[in-house]
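Undergrad: Relevant sequence annotations retrieved from Swiss-Prot are reproduced here:
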ACT_SITE  Lys201  active site
BINDING   Asn45, Gly46, Glu47, Arg104, Gln105  ATP binding site
BINDING   His138  Mg(2+) 1 binding site
BINDING   Asp178  Mg(2+) 2 binding site
BINDING   Arg203, Asp229, Asp233, Thr234, Gly235, Gly236, Thr237  D-ribose 5-phosphate binding site
Amino acid sequence: MTGIKTTGEKKMMFFSGRAHPELAEEVAHKLGVGVVPTKAFDFANGEIYVRYQESARGADCFLIQSHTAPINKWIMEQLIMIDALKRASARSITVIVPFYGYARQDKKHRGREPISARLIADLMKTAGADRILTVDLHTDQIQGFFDGPVDHLFALPILADYVGAKVDRSKLTVVSPDAGRVRVADRWCDRLDAPLAIVHKRRDKDVANQVTVHEVVGDVKGRVCVLVDDMIDTGGTICAAADALFAHGAEDVIVTATHGVLSGPAADRLKNSKVSEFVFTDTLPTPGELELDKITVLSIAPTIANAVREVFEDGSVTSLFDEQ
């Protein structure tokens with residue numbers, strides 16, 4: 001049977017939605033299992049049908065689905081797949097969400113707004129998820145939204161080690177694109193033994209995806225600056241931050257982010273930016289128009305596979321990141 005790995009009395013089965021099958025196959029390969037064959041299609045009116053081709057009874061099931069565009073469709077498919085596993089008598093259901101949709105809606109900025117990140121967690125729990133495994137949440141408090149264990153994985157080791165191997169560390173400055181990412185940037189500084197700078201920005205709450213950059217805090221003149229963020233969506237924030245760094249005398253700018261959302265005008269902005277390299281992981285598929293020489297995509301599959309193995313074998317996911 002495909003997708004089964006047995007340890008003693010335990011049985012692992014690995015499932016994938018249709019959002020990012022390449023990542024699913026790579027994770028399954030690292031685990032030494034196959035992806036369980038699944039029949040999935042859309043009805044004429046847009047409803048989604050799912051049926052697994054093998055029994056999941058008594059199995060520890062791991063279901064991977066990244067929330068890429070069209071995001072609402074893939075979230076709904078994931079919920080349907082969770083429900084199908086629950087009704088198929090799965091022993092446990094671990095939902096792997098490399099990119100957690102709606103994570104930016106993690107609190108009410110103003111009255112009469114939803115907390116959509118909490119809603120996503122509630123929907124997964126109601127559908128039947130026992131555990132969530134995700135990568136670089138937009139904010140840490142989202143871990144508390146789900147009524148069950150949440151394994152929060154980090155791409156920092158992959159991204160930082162890649163940059164550290166390419167750049168003369170004596171010239172390197174780690175830059176946070178805003179005050180909210182300073183703690184993550186600090187961990188980069190510790191890993192690369194580099195100083196920290198911050199780009200101060202203000203966002204117009206009434207205009208989506210519009211950012212005004214004001215000032216750079218820290219010395220970036222003549223330095224190779226590494227901008228670190230969790231995601232890049234339209235590219236407005238990060239490209240404006242890069243422009244501010246160049247205006248303050250930076251020699252070069254490299255941008256790193258775990259999640260390359262890359263919506264709307266992102267393609268043109270990244271192509272036309274003075275940034276020498278954009279580095280992402282493959283938590284999300286990269287659009288074809290963004291397969292550029294200046295874009296590097298690193299594999300997150302080993303990190304996810306190692307975490308899945310620890311969960312299945314009742315090990316420690318935390319131990320995978322102790323060196324941070």
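Each residue's number is its place along the chain shown, starting with 1.
Yeah, the Cβs are placed from backbone N, Cα and C, and that goes for glycine too.
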Undergrad: Same chain only, sequence gap of 6 or more: which residues have a CB within under 8 Å of the CB of Gly46 (ATP binding site)?
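TA: Within the chain, Gly46 (ATP binding site) has Cβ neighbours under 8 Å at Lys73.
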Undergrad: Let me know the most crowded of the binding-site residues, choosing from Glu47, Asp178, Asp229, Asp233 and counting other Cβ atoms within 10 Å.
TA: Asp229
Undergrad: Spatially, and counting Cα to Cα, which of the binding-site residues is closest to Lys201 (active site)? Options: Asn45, Arg104, Gln105, Gly236, Thr237.
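TA: Nearest listed residue in space: Thr237.
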Undergrad: What is the total of other Cβ atoms whose distance to the Cβ of Asn45 (ATP binding site) is within 10 Å?
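TA: If we count other Cβ atoms within 10 Å of Asn45 (ATP binding site), we arrive at 5.
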Undergrad: Tell me, if you would, which residue among Thr234, Thr237 (binding-site residues) has the fewest other CB atoms within 10 Å in the structure shown?
TA: Thr234
Undergrad: If you measure Arg104 (ATP binding site) to Gly236 (D-ribose 5-phosphate binding site) at Cα, how many Å is it?
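TA: With distance taken Cα to Cα, Gly236 (D-ribose 5-phosphate binding site) is 16 Å from Arg104 (ATP binding site).
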Undergrad: Nearest to Gly236 (D-ribose 5-phosphate binding site) in three-dimensional space, by Cα, is which of the binding-site residues Asn45, Glu47, His138, Asp178?
TA: Asp178
